[in-house]
Each structure stands twice: as C-alpha cells, then as structure tokens.
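Peer 1: Just passing along the structure, written as structure tokens.
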Amino acid sequence: MKAQIQKRNIKNFLQNNVILLFLLLLCIFFAVSSDKFLTANNLFLVIRQVSVLGVASLAAAIITLSGGLDISIGNQMTLYALVAAHLMVNRKMSMAVAIPAALCLSLVVGFIIGYVINKFQINPFVATLAFSTVFSGISFGITGGYQISHFSDAFKFISQGYIGAVPMPVILMLIILIAGAFVLNKTCLGRYIYSVGGNEEASRLSGINTQKIKVGAYVAGGFLAGIAAIMMAARLNSVSTTCGDGYTFDAMTAIMLGGVSVRGGKGKVSGILIGILIIGVLNNGLTLIGVESFIQNIVKGLIMLAAICSDSVIYRKRG
C-alpha cells in the first residue's frame, strides 16, 4: 500500500513538473555539449535575450486565456518599434513623446482588433492573419524598406543598461510578469478572463460582459506588445520591417509549453516563465553547438506541435 502511494506521488510529481524537468534536461544536454553554456556570461545572455519574449508572451497569453488568439503580435511589435524610431530619428522628437505615442497606438490597435473580431464574430486566426498583413504594409510604408537606427543613449538604456548588476530588460520583464500574475490571479478582471476563456456562454449567463472582457484582453495584449516593441528596439539599436519576425511563433510556443491552453481559460504566468526560458535555452544552446537555423526552426516547430497535441489529449480526457 505504501509503495503504491509513493508510486502515485512520483507519478503526480512528474506530471505536474514535466515542463520544468524538460528545461532541466535541456540545460544538462547543452552543458555537456558545450563548455560555454554554463558560463555566467552566457546564462546572463540567455536571460537578457528572453526579456522581450517574456513581455510578448504575456501579451499572447492574456488574449489566449480569454478565448482569443492573435498571430499578429510580431508584426504589431515591428509597427510600434518603427513608429517610435521614426518619431525619434526622422522627426527628431524626444523619447518622452515617441514612446507614449507608440504605446497609445498599441492601445488603439488592440481595441480595433478585439472589436472587429468580437463585433463581427470573425475567426481570430483569420482576422489577425489579415491584420498582420496590414501592419506589415504600414511598416514598409513608414520606412520604405530601410532600417532606422542610431538611437539616443537614454533610449538604449531601456534594454542595454543595468541597475546594479541586473540588466534593465530583466527587471522590466519581471515587473511586468509579476504585475500580470497579480491581475490574473488576484483581481476580478483576471477571474473574468479565465471564466470567459473557459466557458463563454456560462460566463455570459452569470452576468459577465463577455464581449467587453474579450476586447479588453486584446487591448491589454496590444499594449504589452507595444512595451515589448520598445524593449526590442532599444536592444537592437536599429529597427526594420522584419525586426519582429519570429516573436509570434516563439511567444505562442512559450505559452503553450507553459500550460496555457489554446482553448482558453487555463494557464499560469509561472508556467509562461518556464516556457520562455525553454525557448531561450533552445535558441542559445542550439546556436552554441553549431546547429543551422533551419534545423532550429524544425526543432521548435516539433516542440510546438507536441505542446498542441498534449493540450488536445488533456482536453479530451477532461471532456
């Protein structure tokens, strides 16, 4: 009897911590494969590199938790970064004007996406695919296809500076993730997001304004994408029409690895943090051991597919 209980406890532990164990195994594999992986400089590099992804992933997570989907986040980030850069470099405006302008645009864009999807009951995948193309076109129109670079030191400090020994982007990411966890877990708004994503009809019958919550999730997602865009631009010190490419896929992979269900209503910020670390370790480790970029894409694609299949299996079992 005691042996059965221990066996059940071990099984439950493995099931509840499978993603954390996967991260640990990845770290062990890359530590054995490359003597550079576990160096302090490289680990700091991994954490710095996932900072922008962490904020973008929270944007994707809030929308997905509410029962929505947004595959335009990467193109949104490109647009917001280009707007801020254009105002600062080409229009000679201060960052005190350019950053709020880009963030205000992110709120407007988030509202438009959420309103159109929910007002006209459009499939969010199709709608955000269309919006993504629109944003790509606008971004090209702003720059004419050219890069915008040479930002001020004050702007670059956002993602290249330090407070003490801690990189500024890491501090920003942690503050935003902690704030996101608080809102989702400790406020009525967070409970409504989970409720609407889990069962929209039941939420509506209980008196929740489901349309308002879903549109609000897109607004929040847009705003977070705006913050991620500013951090990205400051880190790169230049922006182009392709600077946000890849963030949508990596963000969606990270949140699904972290336990956010594509059907909505399920997932935690702590899981998202583990998910973005997995993506960061993968990108860094595969590069260190000399794996070509197309193979890296294959690996990440298979991992995302595995996460989707796992979510589907769990959903069927619970159903």
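Note: Cβ is positioned from N, Cα and C throughout, glycine not excepted.
All TrEMBL annotations are machine predictions without curation.
So TrEMBL has the following annotated:
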TRANSMEM  44-65  transmembrane segment
TRANSMEM  72-89  transmembrane segment
TRANSMEM  95-117  transmembrane segment
TRANSMEM  124-142  transmembrane segment
TRANSMEM  162-184  transmembrane segment
TRANSMEM  215-234  transmembrane segment
TRANSMEM  269-291  transmembrane segment
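Each of these features: where is it, how hidden is it, and who are its neighbours?
Peer 2: Within its own chain, the transmembrane segment (44-65) is flanked in space by residues 73-74, 77, 159, 167, 169-170, 172-173, 176-177, 180, 184, 193-194, 197, 217-218, 220-225, 227-228, 231-232, 235, 247-248, 250-252, 254-255, 258, 260-262, 264-267, 269, 272-273, 275-277, 279-281, 283-284, which lie at least six positions past its ends and keep a Cβ under 8 Å from the stretch.
If you look at the transmembrane segment (215-234), the same-chain residues 6 or more away from its ends with a CB under 8 A from one of its CBs are 51-53, 55-56, 58-60, 62-63, 65-66, 68, 70, 73, 76-81, 84-85, 99, 102-103, 105-111, 113-115, 117-118, 151, 155-160, 169, 172, 176, 189, 193, 243-244, 247.
A Cβ distance under 8 Å defines the sequence-distant neighbours of the transmembrane segment (269-291), meaning residues of its chain 6+ beyond its ends; these are 19-20, 22-23, 26-27, 29-30, 33-34, 36-37, 42, 45-47, 49-50, 53-54, 57-58, 61, 177, 180-181, 184-185, 250, 253-260, 299-300, 303.
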Peer 1: So if I exclude everything within five residues of the ends of the transmembrane segment (95-117), which remaining residues of that chain have a CB under 8 angstroms from its CBs? That is, six or more out.
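Peer 2: Those are 68, 70, 72, 76, 79-81, 83-85, 87-88, 124, 127-128, 131, 135, 152, 154-155, 214-223, 225-227, 229-230, in sequence order.
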